[in-house]
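Undergrad: Let me give you the structure first, and then I'll get to my questions.
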Amino acid sequence: MDHDLDKFPLLSYVLHQHDSNLHAPPSMAAQETLLPSFPLLSNPEIMSMLTQSIPTTITQTLFVFNSLGSRPDPLAVSSARFKIAQIMDSLSPEEAAKESEIYAGVVRLDEVHDSYEKKLKDTEEELSRVYSTEVESMLRSGEEVNEKVLAVLKEAESGGTVERIDLSSQELKLIPEAFWKVVGLVYLNLSGNDLTFIPDAISKLKKLEELDVSSNSLESLPDSIGMLLNLRILNVNANNLTALPESIAHCRSLVELDASYNNLTSLPTNIGYGLQNLERLSIQLNKLRYFPGSISEMYNLKYLDAHMNEIHGIPNSIGRLTKLEVLNLSSNFNNLMGVPDTITDLTNLRELDLSNNQIQAIPDSFYRLRKLEKLNLDQNPLEIPSQEVATQGAEVVREFMRKRWGDIMAEQQQRIGVEAERHGDENGWVYWGTSMVTNLVSGVTHTIGFGGATSDGGDKKPGDSYFYHQI
């Protein structure tokens, strides 16, 4: 039985058609996604070309792949790498080699799995390319003609200058190979089709500035997308993406990225280090649980929409996004229980939506958001400020928090005076200094980590860290 070939449905299908005794058919689920994407597989000429394209070594590759057994859990591999690093740091090379042998075995097994999966993936992509080429041939001969697609292909092949291609809502199952010859392409719109993948060959479009593949059935983006160094606008919303490739961080010219309406569970770790020119980031309606720390490096970000996710906490470093004007963190429901004090460093913020969460208090330093015009705190168990105050808009909330801040300062000053009298003037100031150092350390402790509960599970007093930082 072939090893997990549902990851490579086209290869599995062609192998079964070639030798049904040796190779099992794809699962029903795989066939349901495969056949709509490759509707002409029943064509004898196409199937013949696909069969001839399969490497002669595929049987040996599958045999070895089957003999490997299950791939190690990613967490186990990560732990093994960590253990090896620890051992290498603490022992001599000879001792380390022996001590780390069992962990090295886990890593090697994972690497072998990765190597063989890459071979199968390459074969899958080659079959897809062959299929595309054969369909194009049919287009040229007048079969299955889509006039708009054919016109684009003819212009591209004639050597004409083509900078913009709009093939939105054309029921495309694949992207014709000839597209990758249009090296001067600046704008490509393939939205509203039935595409399930983007070939690696997209990297040939070096001048591409805007790519719209929204409203398709994409489950992944190719790593080669990171080679589109002139790309300024990327729209991949309304697909089936579970992750964005790490290589997207190389698209340093990106100004707008829309990855909303997908199934993303995380963002690439280094995304912020590369996308420092990004101004708009739309990641709403996904399954994100946290922001990577590097998001604070997106210094030019003006618009961030992350509503309808599963976000548990906001990194304190969000305060570094000082150009941010619109921030929507609404509808993270039971997951988001607080925001860090540093959110008040976003002094250019005009719109803030924190509705439909579990926030009990906003930072006491909230009055610093002087440019805030729109504020939505609905559907939160608010205590500070009260629901009555919160519903009256940004200006009222800002004034309420300004007064509260003044009261806190006055109370602190009065407490210092009382302590000074109680301990004597000199000793009182010593007490005050000790108290302030202790509180400052406490504030820093609260500041490290994410907005919401403290590391020991207790609730943080809103505004404390900012208060002591200011003093």
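Cβ coordinates are placed from backbone N, Cα and C, and glycine is handled just like the others.
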Undergrad: Could you tell me which of the ranges 237-249, 393-405, 432-444 is annotated in Swiss-Prot as motif 'GVYW'?
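TA: It is 393-405 that Swiss-Prot annotates as motif 'GVYW'.
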Undergrad: So which residues does the repeat 'LRR 3' (206-229) touch in its own chain, when a touch means Cβ under 8 Å and the partner is 6 or more beyond its ends?
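TA: Sequence-distant neighbours of the repeat 'LRR 3' (206-229): 33, 37, 168, 183-200, 235-253, 258.
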Undergrad: Grab the same-chain neighbours of the repeat 'LRR 7' (300-321) for me: Cβ-Cβ under 8 Å, and only residues 6 or more beyond its ends, written as numbers and ranges.
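TA: Long-range Cβ neighbours of the repeat 'LRR 7' (300-321): 260, 276-291, 293, 327-332, 335-346, 353, 447-452.
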Undergrad: Which residues of the chain, 6 or more past the ends of the repeat 'LRR 10' (371-392), have a CB below 8 A from one of its CBs?
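TA: Here the qualifying positions are 330, 347-362, 364, 398, 400-401, 404, 462.
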Undergrad: Which whole number is the mean pLDDT over the repeat 'LRR 8' (324-346)?
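TA: Across the repeat 'LRR 8' (324-346), the average pLDDT comes out at 93.
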